[in-house]
Every structure is written in C-alpha cells, then in structure tokens.
Amino acid sequence: MRDSIYLLWIDNRLVVIIMMVMMVSCRCVLGLENINPIFFDEGLSHLFGEGNLIRSPDDRSVRLLLDKYTGSGFISSSMYQHGFFSSLIKLPGAYTAGIVVAFYTSNGDVFVKDHDELDIEFLGNLEGKPWRFQTNMYGNGSTNRGREERYRLWFDPSKEFHRYSILWTPTKIIFWVDDVPIREILRKEEMNGDYPQKPMSLYATIWDASSWATSGGKFGVDYTFSPFVSEFKDIALDGCNVSDSFPGENNNNNIGNYNNINCSVSDQFLMSNDYSTISPKQATAMRRFRERYMYYSYCYDTIRYSVPPPECVIVTAEKNRFRDTGRLKFGGSHPKVHKARKKRRRNRSTPVVSADL
C-alpha cells in the first residue's frame, strides 16, 4: 500500500489502474500460501503493557513481552462481522510454565453479558517439555458451556515461526495451523445463540496464567527467566469491517446495530477462498492430526456433557481412545506407539500431518 501511494506521484492515472488490477488479482488467489499481511498501523492498536509491545522498524511484526510487571497485547482497530484472522507466531523458549500466549477474537468489551469468542491459546510448560495449545468457542455469553479441545504440536513453536489462523463465516469455523485444518465447526440450527454471531475484534496477548495454565496451576511463572518474548508477524485481517459503518471515536456504542449492515459480499468472498474449503488431502491431514495430537475434547467428555453439544461429530475411532472425562485412555498426551511401528517411521522427515500442498 505504501509503495502504491508513492507511485501516485509519478503517474496518477496509470498507477490507479495498476493498483486496482493488483488488488483484484491478489484477492482471487488469496489462500493460506498467499495471504495479504498488513502493517501494524494499518489495522492494529496497542492494548496493554506499556513498553512491553515492541514494533519492528518495518512495522510488519511486533513482539509481546511478559515480565514481572506486566504482560502485553494488541487489538484490531476495527471490529469484524465474520473474517479470516491469521499470523505467523513464534513462542518463548525454555521455561514457560504458567504463561499463556493467546491469538483470538472477542467482543467482550462491547457485549459484556453475552459476548462471543474464538480462541487459540498456547499453554507454557516446564523447560524441556513441549508447549500445548487449545481452541475454544463461545457464543452469546455461553461461558458455562465451554467447547475446548487441547492438543500437542508436531514441531517446536519456539524455534521458528508458524502460521495460525481462524476462519469465521456465517456457516462454519475452521482453525488452521500452517496449511493443516485442525478443527472445523459447522453451524447447526440447534446451537441457537451458541454460535458466534456478533462483530468481534482480533486480539493477541501474553499474560501470567499461573493459576491454571500448566498442570492445573501446579507450576507458575518463574520471572528469573523473564522477559518472555512472543513474536507476531505478517498479520492478516480479512472480513466485513463493521467499525467503518459507524465512524467516530465512540463507534462501539453503535455496534449493536450491526444487523443493519450488509456483509453479503464480504461473506461470499470469505466462503469462496481456499482457506474456507478443506480439500481431501487436508481432510486426511486433519484426521491424522486429531488422531495423534488431540488429547482432550469436550465432545467426548460425557461427565461434562451427557449428550454431546449439537455441533459435535462423533468419530468412533476417536471416541474409543477417550475416557468419559474427554481425556485419552492411555494417561499421556498421545496413544502408545508399538515399537515396530515406531521404528518403521523413524526415518520420516516430513510431518505426518502435513497437507503436502
């Protein structure tokens, strides 16, 4: 965008045409491998943690720090009625027990009693033990009906950047890790208000969750290892920008009129993109991921829900691996692997869940 504005000084008419062609062509091919990142000041704002949010000189990336004084976070400058939210993220290394790094959408600041939320939350661990993460969904303040799933990763998220994405449309929600869809929620009529329906902002935060994040609160944040640094770059926001329909500094007061906004064109664009459709290869990758790396699912937690929530798709092969608590029967974070089978796979260099696109 900045290069385009600069070129306007050369030939106004010609460059406007080029800009329009480029915008159309980029949107047509937009997918997980071709995402349009924004500059921080084009769509994001500082949320909290004075001094602990550090922007890069090129304004394409940002570091969020946690120290003994405060965590930090940023928020999208606008609210969106459906959208695709994505970022390359690198997590802190070494001892990270008690830490949560979150990438999520929410409207809790506007709809205090009936907020919606979609979460990707990374849970820190003791040094030498892997990060874990969870996804969750709340609709219309249904916090007493949490829909969380917990997983491990097939890589070390503190060594290099990986892309994490949330797709939210009128009919489905998909959570992505790189090019692998890890969870799909299809909207059911029986869900009623439990499906997120109100405009949300994008958030990214790092904070002290010593009371629950690691082993149920057994291990907390050790600030002798601080500062803890998480990094976000090539952040993408695509969706129906509701805030633009209510200009002014206090436009959140008018967001309640969101039903009057027509987002059909934006929704159609979202639902026609690559990241809204799970290919057969990606479906296989998702199944493998869930078989090997998911260690808790609310859909199989029959103590919590005697009848699974309506959006749950009960997969017999998955269900047989879980206790009635929703956790794996084997007591670990993944099923045991027979030695012979493990030996055959020892020389594999590609991740078993890669969509191989």
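Placement of Cβ uses the backbone N, Cα and C atoms for every residue, glycine included.
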Region 'Disordered' range according to Swiss-Prot, out of 230-261, 326-357: 326-357
Same-site xyloglucan binder from GLU121, GLU160, GLU291, given that Swiss-Prot records GLN134, THR135, ASN136, ASN144, ARG145, GLY146, ARG147, GLU148, SER211, TRP212, GLY216, ARG304: GLU121
According to Swiss-Prot, the disulfide-paired cysteine of CYS299 among CYS263, CYS312: CYS312
Most Cβ neighbours inside 10 Å, all chains, among the binding-site residues THR135, ASN144: THR135
Mapped DSSP class for GLU148 (xyloglucan binding site), helix or strand or coil: coil
Between GLU117 (active site, nucleophile) and ASN144 (xyloglucan binding site): CA-CA distance (Å): 13
Among GLU117, GLU121, GLU148, the one of these recorded positions whose Cβ has the fewest neighbouring Cβ atoms within 10 Å: GLU148
Alpha-carbon distance [GLU117 (active site, nucleophile); THR135 (xyloglucan binding site)] in Å: 10
Stretch-averaged pLDDT - the domain 'GH16' (32-232): 96
